Ligand SMILES: Nc1ncnc2c1ncn2[C@@H]1O[C@H](COP(=O)(O)OP(=O)(O)OP(=O)(O)O)[C@@H](O)[C@H]1O
């Protein structure tokens, strides 16, 4: 079929779908404003459907797959979109949801043998692919039709992917986007992994980890509709700025209501009042604003207190404390009435073991009280003196069963690790270090439990910065392990607190509970940038795999020696040139320290260039021109990146990961400035 005919054919189908969407939208009447609860609920559902149809009206689908089921005579065209659209009259799907089982064929098929199969709820479905087509629709108008496979035509092998390259070449604003139209097969496999797994993803910079994890949530909600709920899912990201950056993706995928937070915020809430966190800026200054040795990192409190062996010590101490909770004393509410310690211990053991200790303590004390009332008898119990004397004895006994707060318990059990913070008391909350938060959270869960419902699924982004203890705590707020844990050891710049090998985390789970994937194709940056960044890590040990670029070529990476010249002058020259190029919508200037950032920000302002200066306590990234310390840029991306101080004095041999993070933030352009000797990390 000629290209024109194809286009006409697709335009006709699009018109049919558009007409159907318009008619369905017209059928949804005005909002219900009455008081009837059932009507209100129905109205909510209608509004939800309306939102879906309105989204679909702009871009109802992006792909077409012609599939012939085994034994069937004809090909069935399947149009794949962000949300399914059905014909109101008749049950024929006009558009199939991207998460439907059959849609997996669209993503997993990359040429080769067209005899394929997919798993449906009713079993394996086999068949043959006859056509794979990408369709670009904007504002309801068909723009492009690109076939990547047609049955009977020679398979060139290079099925991929004009469409993908087009998308990757676009410039970015201040928000991460969905990728439903171009999910790659290795990403699709992760998105569709079954629910009850702790799924670990090691992926190189720009391989789509964050994006894929968010799509996986949308998939799980679709696939396990009756089993998982959005309000029992949680996304943990490194900071609030990053949360803002990713906040657009789920709504684009039609998913709402998922809690997005940081580990610290989550833990603080669990601990209730009474605890305040020392500012995170202290930690960052400690590790990034002055020189640090390997030894200091190895022996950092975060590594020690987050380790598996500390977790074990903690659990043992809690077990022991629980064992010794019941004192070696009888309970005797009045002379002649006595319950021996062994008996009371027996009762304590009868309380359900999965209940938090202090709840069991409470129930035991209530049981003792009931026992006392029965033993004394109703008649004597109504005598005020008898009652108050016995109750006083009961209270005295209860006071011998300690009921500490998490902070008090920790300080008493591990005085060498944690001192009862000053100011901790009734009026002012106790200030604690970030590395003590996970410990306190674990103690809190063991002592008091939580009011929160167990989480159906938890996503942990930048998980290389997590300690085993943090993950163990999160495992405890789930019934079964269902997590997506993603990160990149090569970007482990916070290794004074995080892990160095994935096994540190995976060994918390039974092998059959875990799955592990690696992503080594990078979609963010041009080949030139990826090859440059890979060279930085060459010297690093630990068997790191270099990122594999998608074949997208751009400008060469530039380096410029500024000698004794003024840094702000040099930066301003480059930025002025870049800002003339409209395709560079977001530009970042990255410096090694916050101090340099501040100076450069002021210098650029003097030269008439306004920029946003990002700092550790920042809530939002707005796009445009941004100056940011390199260690805070992790997870973000920019059309162009200027590394302003790529000097040997700024990036020493230990800073390879940091420099790697900086370089891999760039999509299209990367330039490094240095005075006279560039960092040896980029020497070749
Ligand atoms: N299949 C895809 N199609 C189109 N774009 C993609 C695809 N996969 C990833 N991308 C794009 O690549 C960029 C990097 O994605 P993302 O930030 O999710 O990667 P990451 O692995 O989390 O990166 P990092 O570890 O560097 O933070 C994003 O702009 C994303 O939209």
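Using the three backbone atoms N, Cα and C, a Cβ is placed for every residue, glycine included.
Per TrEMBL, these features apply:
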DOMAIN    182-526  domain 'UvrD-like helicase ATP-binding'
BINDING   203, 204, 205, 206, 207, 208, 209, 210  ATP binding site
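Mean pLDDT, taken over the domain 'UvrD-like helicase ATP-binding' (182-526), works out to 88 on the 0 to 100 scale. Neighbour counts were taken at the CB atom with a 10 A radius for the binding-site residues 207, 210; the maximum falls on 207. Listed in sequence order, the residues 488, 519, 522, 523, 524 complete the 8 Å Cβ shell around the ATP site centroid, once 203, 204, 205, 206, 207, 208, 209, 210 themselves are left out. Secondary structure from DSSP puts residue 203 (ATP binding site) in a beta strand. Secondary structure from DSSP puts residue 208 (ATP binding site) in coil. Around residue 204 (ATP binding site), taking its Cβ as the centre, 29 other Cβ atoms fall within 10 Å, counting all chains.
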